[in-house]
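Novice: Can you keep this structure in mind? I'll have questions shortly.
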């Protein structure tokens, strides 16, 4: 049961900068937060960017040190970085990498009570702007959502770097962003709370939050297909810049301010299967959007629009695309796991385990039917 509330809240990143080559100018943007910088850099970029940073900081009044991130965001991993941070005199934490290195940086910055700058190298999720970290067990299972008191001070997005990344990351981000509008509508209808300071009291979305979620959807529909084609060819055009913004900024502001619902409950639950772990977060959530539309009885015209879009950009629309075996046992495992998610409370209808299995089977049937017509 959702908690109705008369309180509304808005949370936001301090500043957002996006453009080609911005990461090369990182020191000029971070020096305003302090002069002792602690970089947490994804393993794939660590050697290259540690060397570049040495050149960038050579004539700077600021100093930097860097630490490599690899693996999962676990309590033990956080302790490792915390020990490095405590043993150093730092005033700014800077993350360069994907969602996991960013989530660790958020925790360290919060613990050290210092400024946080986030530099995503891919546009696969909306994690960069949020005041939230997702933690995992040592076995790799998501087991904790850590809420922070403030969002990053600055998110700096080098669109050239994202355009040069494999297109699958961008498409996954599109899947994650696609859920923002539909999940927001669920939360508005049930007056379910968003994620802004929700540990204090339940707040619902502001009109501004809802407007951002709608603009996120409209931008995806307008520019998603062209952006995917551009990213495949590493061409930076306005459509791709728009989708980078929708994936990172609009979706980030959107989900935090309007909340999650069925799409994330089912999308995240797919990881209960080992093969589900092979799919990216946004790929699973994209399929979850179709499930949510069935659960909330959207008209066929809207479902067709979303299915057409998903197929055109390369998002999964059926079990085969997700690489999962749709046995009764597997689907009941997913359904049971999904019901553990609080986000089901945002749905205006109540469903049990068997109902969710049937919803997933219907989503698969619609996806297969649509693919057969292409």
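Yeah, the Cβs are placed from backbone N, Cα and C, and that goes for glycine too.
From a predicted model like this one, the values you see are computed outputs, not experimental measurements.
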Novice: Same glycerol site as 126, 176, 281 according to TrEMBL: which of 148, 192, 264?
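Specialist: Candidate in the recorded glycerol site: 264.
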Novice: Let me make sure I understand the structure: which of the binding-site residues listed (102, 123) has the fewest other Cβ atoms within 10 A of its Cβ?
Specialist: 102
Novice: Count, for each of the binding-site residues 121, 130, the other C-beta atoms lying within 10 angstroms of its own C-beta, and report the residue with the smallest count.
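Specialist: Lowest Cβ count within 10 Å among the binding-site residues (121, 130) is 121.
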Novice: Would you please pick out, from the binding-site residues 42, 126, 176, the one with the fewest other Cβ atoms within 10 Å of its Cβ?
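Specialist: So among 42, 126, 176, the binding-site residues given, the one with the fewest Cβ atoms within 10 Å is 42.
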Novice: Can you grab the distance from residue 126 (glycerol binding site) over to residue 100 (NAD(+) binding site)? Cα atoms, rounded to a whole Å.
Specialist: 12
